[in-house]
């Protein structure tokens, strides 16, 4: 059979046994990739600093997904939250990876078995003796089983009734840990940032799936609907399955990029909107002001800011700063964060406190402008020194650090002040190690960006696939070139072509 590459899947079109076989083999490949990728990531992952070098800075992709489902310990003796452990149990990162690889091997063997033993009785229609599948019944079975899995996940795994729970954190990604979740049955359950909605929605959707599955197992579709939607054609199944997949891909691309309870910032990094809105900056200032209200000094107030919170307020952790074709982890870009230098506060010779205007997300370069509390420009680093009025030298800007490694240190020489003003454009200032990984200083995206880009791209491709296969199954007779006024009853055989002498026909 001389098939072109884009039509090779027609070999399983009317062969249920081998159709099942190739799907099992596909599952083997997916599971094998997941397990192998997990082992690779574990081989290169450095768990020593969960605050300044978390998994998302290291470009980990599958470790965050395992972690959000409750895996936190490694057979290597470390925990994702820091510290050492003695008894990680079987469901460690390596245990989950191994289970996927074992499952992949079993699926591989099952796929071979079904390829060899393709002509099973279960695939034969008793009336005709030909291979056929009762697709509406199979739909009911799959709906029922997926409903059971969905309900079980929400009612047992997430709630901790039989399972670890899921990763839950505070709004600023500081206190995350795996814990059981109670379902949220009120309006708050529809808030995408409320973890309880994950439990309640899985329970509700699972219940609906079980009931819908039982319905489709016990009720046959009407003949007109069966014919209108081509329910007897396997390509209808392909088209509707692709629709389900691309819809899910669009949804998860959204929940990942905009953030939700399912994509914690401790595991996937912050979102770009948290930088755009000054989300962490506002919380830092709120905490500092609260400290000052308790009669703490400026230095003491800033010293109480956790490094983790300060690190989120750094543009290098913004997933939108990485280019699409800049391969590698964030650590390969601006380097491995070593420590927080502290918060710089700039002042001019008149005593005004100055704030450096921060770089917007989609700028690579941005003018250094310092404004006072009223937004009035007081100082800058001019492009043309001959026309400058507000240069650091003319205005007499000084900088003093509060909190961090440089706490209490001040500088008044213009070159140093300008250096820290440029760095303050990028948020809180960190010492970054570029030597270890030979980092090039160009920002990279986090796994949040890669996941979103990948799923949005494939969702678009799968959307066209749904249209393509849906059109093929709905207009199959048109594409085959059949005259609608044909007065002969044609039975489509192997070739399904009009004028083919092997196609049986009967004059009406």
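Just so you know, glycine gets a Cβ as well, placed from its N, Cα and C.
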Swiss-Prot annotation of transmembrane segment - which of the ranges 86-100, 101-115, 116-130 it falls on: 101-115
Segment assigned the feature transmembrane segment in Swiss-Prot (from 5-20, 21-36): 21-36
Which range of 55-71, 140-156, 157-173 is transmembrane segment, per Swiss-Prot: 140-156
Range annotated as transmembrane segment in Swiss-Prot, from 457-472, 473-488, 489-504: 457-472
Transmembrane segment range according to Swiss-Prot, out of 221-236, 237-252: 237-252
Stretch carrying transmembrane segment according to Swiss-Prot (options 203-218, 267-282): 203-218
